[in-house]
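If you look up Swiss-Prot, you'll see Asp14, Asn16, Asp18, Arg20, Glu25 marked as Ca(2+) 1 binding site. Per Swiss-Prot, the feature Ca(2+) 2 binding site maps to Asp50, Asn52, Asp54, Cys56, Glu61; the stated evidence is sequence analysis. According to Swiss-Prot, the Ca(2+) 3 binding site annotation covers Asp108, Asn110, Asp112, Glu119, on the basis of sequence analysis. According to Swiss-Prot, the feature Ca(2+) 4 binding site maps to Asp146, Asp148, Asp150, Arg152, Glu157. Summarising the annotation, Swiss-Prot assigns domain 'EF-hand 1' to 1-36. The annotation domain 'EF-hand 2' is assigned in Swiss-Prot to 37-72. Feature annotation from Swiss-Prot assigns domain 'EF-hand 3' to 95-130; the stated evidence is sequence analysis. The domain 'EF-hand 4' annotation in Swiss-Prot covers 133-168, and the record cites sequence analysis as its basis.
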Amino acid sequence: MDSTELRKVFKMFDKNGDGRITKKELGESFKNFGIFIPDDELDATMDKIDANGDGCVDVEEFGLLYRSILGDDAAGRAPRTAAAAIGGEGGAPDDEDEGMREAFNVFDQNGDGFITVDELRSVLSSLGLKHGRTADDCRRMISMVDADGDGRVDFKEFKQMMRGGGFAALGG
């Protein structure tokens with residue numbers, strides 16, 4: 001992933017645009033995914049991500065986290081990610097779609113275009129979160145967004161979820 005793409009994903013978390021993700025912003029971002037994290041767990045996650053200990057996550061720290069989630073193939077995924085963001089429709093996507101595509105790709109670890117129970121569980125676990133560690137938790141979260149009932153989330157379902165306020169909003 002290049003620095004432009006990383007910054008687009010970062011901006012989805014950096015709600016006030018000051019270049020730093022606070023604990024509150026991180027918590028709000030997780031809520032958009034339908035993930036409600038207790039304060040103590042959010043503190044532990046911030047401690048894990050906040051390498052310099054200033055209480056906020058900057059874009060460099062976020063990049064380290066992002067690469068650790070994607071694993072060793074992060075560099076190899078960048079061209080496929082950019083092509084996927086364009087979607088083969090000839091025109092450049094708008095920034096919102098591109099940012100959502102990058103966020104989607106954090107969860108779609110194998111790059112097949114779907115977020116599975118195992119992928120969701122893996123990402124939540126690498127963030128140090130207890131919520132979503134069981135397959136049943138992840139299955140429930142996915143079922144709230146899975147419009148076509150195939151047991152996984154595609155990009156269209158992900159965009160609908162994000163625009164509708166996260167997993168929780170679609171869960172009724």
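Positions of Cβ are set from backbone N, Cα and C atoms, glycine also.
Feature annotations (Swiss-Prot) mapped to structure.
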| residue | record | DSSP (3 states) |
| --- | --- | --- |
| Asn16 | Ca(2+) 1 binding site | coil |
| Asn52 | Ca(2+) 2 binding site | coil |
| Glu61 | Ca(2+) 2 binding site | helix |
| Asn110 | Ca(2+) 3 binding site | coil |
| Asp148 | Ca(2+) 4 binding site | coil |
| Glu157 | Ca(2+) 4 binding site | helix |
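As a whole-number mean, the pLDDT of the domain 'EF-hand 2' (37-72) in this prediction is 84. Around the Cβ of Asp148 (Ca(2+) 4 binding site), a 10 Å sphere holds 10 further Cβ atoms from the protein chains shown. For the pair Asp148 (Ca(2+) 4 binding site) and Asp112 (Ca(2+) 3 binding site), the C-alpha distance works out to 17 angstrom. Of the recorded residues, Cys56 (Ca(2+) 2 binding site) and Arg152 (Ca(2+) 4 binding site) place their C-alpha atoms 32 Å from one another. The Cβ of Asp146 (Ca(2+) 4 binding site) has Arg152, Val153, Glu157 as same-chain neighbours under 8 Å, each 6 or more residues away in sequence. The Ca(2+) 3 site is defined by Asp108, Asn110, Asp112, Glu119, and by the 8 Å test on Cβ atoms against their centroid, the other residues of the chain that qualify are Phe107, Gln109, Gly111, Gly113, Phe114, Ile115, Thr116. Recorded residues Glu119 (Ca(2+) 3 binding site) and Asp54 (Ca(2+) 2 binding site) have their alpha carbons 30 Å apart, per Cα-Cα distance. In this structure, the C-alpha atom of Asp150 (Ca(2+) 4 binding site) lies 14 angstrom from that of Asp112 (Ca(2+) 3 binding site). When other Cβ atoms within 10 Å of the Cβ of Asp14 (Ca(2+) 1 binding site) are tallied across all protein chains shown, the result is 22. Taking a C-beta cut-off of under 8 angstroms and a sequence separation of 6 or more, Asn110 (Ca(2+) 3 binding site) has the following same-chain neighbours: Glu119. The shortest Cα-Cα distance from Asp54 (Ca(2+) 2 binding site) to any of the binding-site residues (Arg20, Asp108, Asp112) is found for Arg20.
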